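According to Swiss-Prot, the protein has these features:
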{"type": "REGION", "residues": "1-182", "note": "region 'Pyr domain'"}
{"type": "BINDING", "residues": "Glu50, Thr382, 406-408, 433-435, 460-466", "note": "thiamine diphosphate binding site"}
{"type": "REGION", "residues": "183-334", "note": "region 'FAD-binding domain'"}
{"type": "BINDING", "residues": "Ser210, 234-235, 251-254, 274-278, Asp292, Ser297, 311-312, 403-404", "note": "FAD binding site"}
{"type": "REGION", "residues": "335-530", "note": "region 'PP-binding domain'"}
{"type": "BINDING", "residues": "Asp433, Asn460, Val462", "note": "Mg(2+) binding site"}
{"type": "REGION", "residues": "531-572", "note": "region 'Membrane-binding domain'"}
Amino acid sequence: MKQTVAAYIAKTLESAGVKRIWGVTGDSLNGLSDSLNRMGTIEWMSTRHEEVAAFAAGAEAQLSGELAVCAGSCGPGNLHLINGLFDCHRNHVPVLAIAAHIPSSEIGSGYFQETHPQELFRECSHYCELVSSPEQIPQVLAIAMRKAVLNRGVSVVVLPGDVALKPAPEGATMHWYHAPQPVVTPEEEELRKLAQLLRYSSNIALMCGSGCAGAHKELVEFAGKIKAPIVHALRGKEHVEYDNPYDVGMTGLIGFSSGFHTMMNADTLVLLGTQFPYRAFYPTDAKIIQIDINPASIGAHSKVDMALVGDIKSTLRALLPLVEEKADRKFLDKALEDYRDARKGLDDLAKPSEKAIHPQYLAQQISHFAADDAIFTCDVGTPTVWAARYLKMNGKRRLLGSFNHGSMANAMPQALGAQATEPERQVVAMCGDGGFSMLMGDFLSVVQMKLPVKIVVFNNSVLGFVAMEMKAGGYLTDGTELHDTNFARIAEACGITGIRVEKASEVDEALQRAFSIDGPVLVDVVVAKEELAIPPQIKLEQAKGFSLYMLRAIISGRGDEVIELAKTNWLR
């Protein structure tokens, strides 16, 4: 019996080290499903929704650094992959999506479930190609895999179900050679120019992102040599924050006042491996130097006075011998003092209260009780705020989220991918009640896959971050209310340990119990509804917006909201 196209794909993926494929099966994927069953070396991870499959594959790729795979059946099946694939692509992780298609003879006829996948996936992939004949598959699959790995993003192979069942070309090899990522270092002449510029610069600040992964030692040495405070972006937190005497916190909408003021007061700002997008948080008068492995990132969000293309570790390693050590610490010491004040202010907000459970306190205790090498995932919205401000990184912990794409409902799906990839490590999903309930169907996948993830729901019965933005704009928070749900009872009904927490005095015991259980657990914590995530700088328009919101709330007979807002944030 001749090898089918589907079998060729399965064996090629096996040779590339792929261990699992995430997806929802369907008739257009029958060829692939059958080949995987016969082969027995790649596990099919059956989710309830394809979006979850894409998020899970993205988390796997982010943790392993290797190619991860997801699949969707024709039409609606692979359409459901798109949001998760956008997140993978914008996170720069290598993911291959197999998008099954309708019978090849029916393409263009308006057939049942027909879509145009090549157009639909174009914006969330480096490569998207239709396999219309078996002869194409060796080249198309190899190119797709190579582009996903080397370009760090998504590739999509569109495969009609009938083509998958046809014989593969004779003599097609399934050998996969893993090409290593190139190490890019700027020319020495460019490095000397940068060293000279830094020599005559004062009040230097560093802004660091996820491109600093693996460069912690070089980064700290560089900052120490030029006496520069280090500000980090959210995606840089896990790589930069720990064991760092020069760290002064984050900047941005959910950052620290110390990080914000350090950047704004800098005369020279060095951007290292970051695509920080918020123009309002860049200084207007400073010289800006940018170093990034991706030339397309240069000058994308701010003006740039000097730019070098290179990976951060090798570039700093080559730059360090050329840089003259500075003696003046005034700017650095002021930034560190501001950071200590900002950190104390944030820690003061994370104290237990008899009136309500503050989410800051919950996040702080999660960090305290979690394993030293825990993997955290956090939903977009207020859980990301609390994770950014209160989780302590140590070089072993990881933090995953939808930090570039900003999609709701990412935390639980990413936790599935993380736990499957790292079965011996503790995985903690910090979910909002809005995000968790959006893709709650895959809570059943936790049971089915027997994945011991720990899910903590920040249950405030509101789309918290959206409501806060509406208040800042002066709007009433219509449409943000969520039904008060007991998620612990839902967990128990699904066969998972559920723990309900309604008092701050119960938090520690609940977390300790959850983290000690050898299996999945959901901790449903009722947190303060009107908690504000104060940005590092309050603009006049925001202050006016809050005043207008409070006036409108009182006029509309919703004065109780204003009272609760005051009690939660100012009358503790």
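Backbone N, Cα and C atoms are what each Cβ position is placed from, and that goes for glycine too.
Sequence features annotated in Swiss-Prot and their locations in the structure.
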| residue | record | DSSP class |
| --- | --- | --- |
| Ser210 | FAD binding site | helix |
| Thr251 | FAD binding site | coil |
| Phe276 | FAD binding site | coil |
| Asp292 | FAD binding site | strand |
| Ile312 | FAD binding site | helix |
| Asp433 | Mg(2+) binding site | helix |
| Val462 | thiamine diphosphate binding site | strand |
Gly406 (thiamine diphosphate binding site) versus binding-site residues Thr251, Phe276, Asp292, Ile312, Asp433 - nearest by Cα: Phe276
Same chain, 6+ residues apart, C-beta under 8 Å of the C-beta of Glu50 (thiamine diphosphate binding site), given in sequence order: Gly23, Val24, Cys70, Gly72, Gly77, Asn78, Leu79, His80, Leu81, Gly84
Cα-proximity to Asn460 (thiamine diphosphate binding site), 10 Å cut-off, over binding-site residues Thr251, Ile254, Phe276, Asp292, Ile312, Asp433: Asp433
Residues flanking the Mg(2+) site, with Cβ no more than 8 Å from the Cβ centroid of Asp433, Asn460, Val462 and excluding those residues themselves: Gly432, Gly434, Phe458, Asn459, Ser461, Leu463, Gly464, Leu482, Val527, Lys529
Ser210, Thr251, Asn460 as binding-site residues, winner by CB count within 10 A: Thr251
For Glu50 (thiamine diphosphate binding site), the three-state class that DSSP assigns: helix
Residue with minimal Cβ packing [other Cβ atoms within 10 Å] among the binding-site residues Asp292, Asp433: Asp292
Val466 (thiamine diphosphate binding site) to Thr251 (FAD binding site) - Cα separation in whole Å: 20
